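Colleague: The structure follows.
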Amino acid sequence: MAAGLDSWNSTINGTWEGDELGYKCRFNEDFKYVLLPVSYGVVCVLGLCLNVVALYIFLCRLKTWNASTTYMFHLAVSDSLYAASLPLLVYYYAQGDHWPFSTVLCKLVRFLFYTNLYCSILFLTCISVHRCLGVLRPLHSLSWGHARYARRVAAVVWVLVLACQAPVLYFVTTSVRGTRITCHDTSARELFSHFVAYSSVMLGLLFAVPFSIILVCYVLMARRLLKPAYGTTGLPRAKRKSVRTIALVLAVFALCFLPFHVTRTLYYSFRSLDLSCHTLNAINMAYKITRPLASANSCLDPVLYFLAGQRLVRFARDAKPATEPTPSPQARRKLGLHRPNRTDTVRKDLSISSDDSRRTESTPAGSETKDIRL
């Protein structure tokens, strides 16, 4: 994402000073030009490699898909698209907030960030709901868990997110500041109030609601799974796997999405209040630090691919055809085995021919005719 105070006037050395509301705060953001290029570079390499491998497994190794694998496939597609766009941001921040590319590319990079962010949230929500239904309504989930239903849900998710994030292409723009071109992640100054209202709606619709659903799923599953079936002790393996999956989803939310949305909301709110420069500097720094965490979900999502299903966990073993080990000559002699030679083959053929001749001579003609009629 671009600099947090993008609508403020920038100085040449990367600090920021007041806006139209009369603030005269200057923030030293030198740390950003090291933190963001390094973190985005790591996310780009790891995220792209892990998700490309995951896509290969989904497309080339899995023979049958269920609802979970369908959602994970679309999650990997979204993460791969985002990771592929990060080299442009790495260059942008390494150059000190200078965007030498076109405005269209600036809009596309910001659009991919928010699209990946909310696609990840919604697909993780779908995985959690699917697991929860498998625990609470195992019989009904047999029909709801088909891949064809998951494909329809995934299509709805893509359409919903693309439609909701389309305004980003309108708000995001570039501006010339001295000798540099800034690629804003919010909007121009005159549209900022509209952008804040739009972001608030997206916060509630695409983050608060899914996060609440995941929390409800986790609570319901925990209550059910803490009660073992009558006459049994412990939890079945399938139920333990469901709990691990949703617990991992909650960890991803807690680490990546929650800090980002909290600090961004505070940042947008504080910009319209007459607060001290110290307070604004603190929230500005927190907002910058949480942006790499929001991007890190592209690397953490593939962990789900290897923990959620048995086929994905065993993909490395299934990738090569199973072969039986060839016994050594000593082992063959111990077991009474030996490699057949030409003499053994001739003897075996003669024995089979002799047995066939004896069976033919002992079979009555009537029996042969009867067998043919049957």
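If you go along the chain as it appears here, the first residue is 1 and each next one adds 1.
Just so you know, glycine gets a Cβ as well, placed from its N, Cα and C.
Below are the features I grabbed from Swiss-Prot:
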TOPO_DOM  1-32  topological domain 'Extracellular'
CARBOHYD  Asn9  N-linked glycosylation site
CARBOHYD  Asn13  N-linked glycosylation site
TRANSMEM  33-59  transmembrane segment
TOPO_DOM  60-70  topological domain 'Cytoplasmic'
TRANSMEM  71-93  transmembrane segment
TOPO_DOM  94-110  topological domain 'Extracellular'
TRANSMEM  111-129  transmembrane segment
TOPO_DOM  130-152  topological domain 'Cytoplasmic'
TRANSMEM  153-172  transmembrane segment
TOPO_DOM  173-194  topological domain 'Extracellular'
TRANSMEM  195-220  transmembrane segment
TOPO_DOM  221-245  topological domain 'Cytoplasmic'
TRANSMEM  246-268  transmembrane segment
TOPO_DOM  269-286  topological domain 'Extracellular'
TRANSMEM  287-308  transmembrane segment
TOPO_DOM  309-374  topological domain 'Cytoplasmic'
REGION    318-374  region 'Disordered'
COMPBIAS  331-340  compositional bias 'Basic residues'
COMPBIAS  341-361  compositional bias 'Basic and acidic residues'
Colleague: Between the stretches 33-59, 111-129, 287-308, which one has more Cβ pairs under 8 Å with the transmembrane segment (153-172) than any other?
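Modeller: It is 111-129, which has the most Cβ pairs under 8 Å.
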Colleague: For the topological domain 'Cytoplasmic' (60-70), DSSP counts of helix, strand and coil?
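Modeller: Grouping H, G, I as helix and E, B as strand yields 6 helix, 0 strand, 5 coil.
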Colleague: When only pairs 6 or more apart in sequence are counted, do the transmembrane segment (71-93) and the transmembrane segment (195-220) reach 3 or more Cβ pairs under 8 Å?
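Modeller: No, these stretches are not in contact.
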Colleague: Mean pLDDT, the topological domain 'Cytoplasmic' (221-245)?
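Modeller: Reported value for the topological domain 'Cytoplasmic' (221-245) is a mean pLDDT of 70.
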